[in-house]
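Working notes, structure below.
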Amino acid sequence: MRVIRDAVLADGRVRDIRLDGERIDAVGTALDGELFVDANADYRVLPGMIDAHVHFRQPGFEHKETWASGSRSAAAGGVTTVVDQPNTAPPTVTGDAVDEKAAHAAADSVVDWGVNGGVTGEWDPASLFDRSLFALGEVFLADSTGDMGIDAALFRDACQRAASEDVVVTVHAEDADRFDTAAKSRSDADAWSAYRTPEAEAAAVERAVEVGTEAGATIHIAHTSTPEGVDAAAAGGATCEATPHHLFLSRDDLDDLGTFGRMNPPLRSDPRREALFERLADGRIDVVATDHAPHTRAEKAADIWDAPSGVPGVETALPLLLGAAHRGELSYERVRDVTAANPADVFGLERKGHIAAGRDADLVLVDPDDAREIHGDDLHSNCEWTPFEGHVGVFPAMTLVRGTTVWDGDTVSAFDGRNVRQ
């Protein structure tokens, strides 16, 4: 058995971590075993990030991303499990479409993975729930990339079906009736934020929680971008996630980002961003997930009403959070909880998310003092850009998936990622 010696855990304790193949055998002091890594009480060791919200674009949009490129980017960013969303081509609204996507993931992903099922008027719940779905969603309450927005009746039906199958429903919560159509006369980059209002999110969260509760479904709100949305989710007993772009960017950044800062839901005012970050720090936000949604530079360079929505983020999420922890803005315990422990608990991943005996050895080693600027040219996504250009992050020195080194600080290694639901 191999030992990581004198690792600093998220809570500051210095412990040995002994690995037995793919699993953690023990966490303690003075553990016997072959020395694997001497952390020397300098390196922090965290459980690998579970990114419950990525768009790896395959099948259908491989020029933007593939399972190979997206999972390499994940590994280099300390992400050991990814969950792909349904809006590919074909969308994963049938069992056959899930099988097709899962085959790509099984062949090419170097991290563990899950596939979500989607809901449209053409969905086939019988075949869909016959597959090993990670969750149902994101279910779109307003149109986004892929035109998968659904009406209230179909959402209610989807919640009832998911409840009967004991599958979590993840929700893209925006109410199109609350969009400000007056903003459509504008052509500046901020027009998108003005159009898709904060009120649209809060109203949709309240509606989603109400319908989900009536149906007996477990509701998780995706990419919550406003403090009001977080509060509405909590009030209704739902869990929620926030993204790095909503935590670290605001409408103030749109002068520099232009259409590269268009996403759904959009960037909010800086006071709202600060209030969202406060909810991250104090525990009201359950999960950080990236909504990694890459597009090419050429695609994003269109005008604000034609540019596709979405930004990459799977490689920079954990580094940005670790940078915030290094600056004292966030505790390492919160980083651990929102990136690993909580996603594992919310989605029932019994082998993931915790550094404990019997869990998968999904681990990230970081030197907390090794902060550096983020540059798109250094990242591994096919899209080759980042909205966080020039921001400071702390990147992993090593990433392990089930005990195998998939990132050594310089190179991504081959590895057969597995479906976490099988």
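The backbone N, Cα and C atoms fix where each Cβ goes, and this holds for glycine too.
Zn(2+) 2 is bound by E138, H172 in Swiss-Prot, and the record lists one more residue there from H104, H223, which is H223. When the candidates D282, D286, D291 are compared with the Zn(2+) 1 site entry in Swiss-Prot, which names H53, H55, E138, the shared residue is D291. Binding of substrate is attributed by Swiss-Prot to H55, F56, R57, N87, and the same site annotation extends, among H295, H326, H354, to H295. With R57 (substrate binding site) as the anchor, the candidate binding-site residues are E138, H172, H223, D291, and the one with the nearest CA is D291. The Cβ of H223 has fewer other Cβ atoms within 10 Å than any other of the binding-site residues H53, H223.
N87 (substrate binding site) has none of the binding-site residues H53, H172, H223, D291 nearby, counting only those with a Cα within 10 angstroms of its own Cα. Close to F56 (substrate binding site) in the fold, though at least 6 residues off in sequence, lie E65, T66, W67, G70, S71, V82, D84, A105, H292, each with a CB less than 8 Å from its CB.
Counting only residues at least six positions away in the same chain, the Cβ atoms of H53, V54, H55, A222, H223, T243, H245, M263, G310, V311, G313 sit under 8 Å from the Cβ of D291 (Zn(2+) 1 binding site).
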